[in-house]
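Okay, structure first, notes after.
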Amino acid sequence: MTLLSCAEGQTLSQDGLRCEKAKYQDFYDVTQMITGLVLYPTTCALGMVGNLLCLIVFSRRNMRSSTNIYLQALAVADMIKLFTDFLYFIVVLLLRVEQREGIKLHGYLYPYAHYLFNMSLCISAWLTVCVSVERFIFICQPSRVKRFCTVSRAIKVSTSTFILGIAVSFPYMLRYRTNSAVVNGTIEVYGVNVTALWSKDLFATAYTWAHALLRSAIPLLLLACLNISIWRGLKRPSSIQKNARLKYKATLTLIYVVVVFFVCVTPDAILSTVLGFGYYEENNFARGIREISDYLLQVNSAVNFVIYYFSCTAFRNSISSMCTRGYAYEPTRQSPIINENTCSQLASSTRHLDLSYRTSNGAANHHGFTFAIDERL
């Protein structure tokens, strides 16, 4: 055997580092190509169309309810997220077709897109919590439905969630700045740099943790607790099984939304908090992992239409009526599912809960709750 000299050892060590760096570069390039050029535009296009259809369906008069107000707001937040993903696709495409223009566009767009990305995720998370809170009231605290589950309250809460999400996420607007210089009278853009504020480790660490907790960890914890309670409530025996099944089916649809949220958001929460991964300033391995976790976030923003369509009869019927007879068509109101005597029995079995029900002309009370699952969520 021949022993290596010190110089030879250093040479091999440097070659190993270069190989490792090149390997991570290849990993990042491949993940960016698959997600940015293939998966992102496909999922983004389908998700934008799906969320637009959600907005149209939930805005119809026969679908107006407090729950659907939250779902409309959630669709808006998801569309903002998908819009930033579409911008990312354009940048990645330009980087491979016309690199100079791609770098320039990336330098101008990334500071703002990064803010919109984090803002929309924060808003979506808390709107999902709002939906679960309302379902918890419906299932576990039925005596408070009339007071808390109203359309006007849902509008106020949704608006407040957007305002707070915009404000809380604003420091992300100050995270990156365009790196540019004037060369021969022309502005040349070289990408982005981390700002002086975010270069301070104390601020960057504290705010990243705080926002990650607000955006992912705390909503996940609340959703876990709420949906465990909801699931237990669904398992309670009911004296009126038919009407209970109608209410439970609507609740199960929203539980599916929460489950998808858990699956898609948890990896990002772990990367942002436990592992402390950033974004643009990280190494190629971390950026490659971020490409995968960010795509899962995009799936979460795009998949709700599929969940509503396959698990909610009301939503599916509305889509069908729109496709066959146009948006202006209002489906014929169906006869009441429960009559006054049945409502009295149900109120007695649920601790004198004030329930709204459809009369023979299809009217519903102000908070929009009904057991007519073929009408709304």
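The count begins at 1 with the first shown residue.
Cβ coordinates come from backbone N, Cα and C, glycine included.
The transmembrane segment annotation in TrEMBL covers 37-58, 70-95, 115-133, 154-174, 212-231, 252-275, 295-315. As annotated by TrEMBL, domain 'G-protein coupled receptors family 1 profile' applies to 50-308.
Counting Cβ pairs under 8 Å to the transmembrane segment (212-231), the top-ranked stretch among 37-58, 70-95, 115-133, 252-275, 295-315 is 252-275. Outside the transmembrane segment (115-133), and at least 6 residues removed from its termini, the chain residues within Cβ reach (under 8 Å) are 67, 70-71, 73-74, 77-78, 80-81, 83-84, 154, 157-158, 161-162, 164-166, 168-170, 172-173, 175, 211, 214-216, 219, 222-223, 226-227, 230, 254, 257-258, 261, 265, 268, 297, 300-301. The transmembrane segment (154-174) shares more Cβ pairs under 8 Å with 70-95 than with any other stretch in the list 70-95, 252-275, 295-315.
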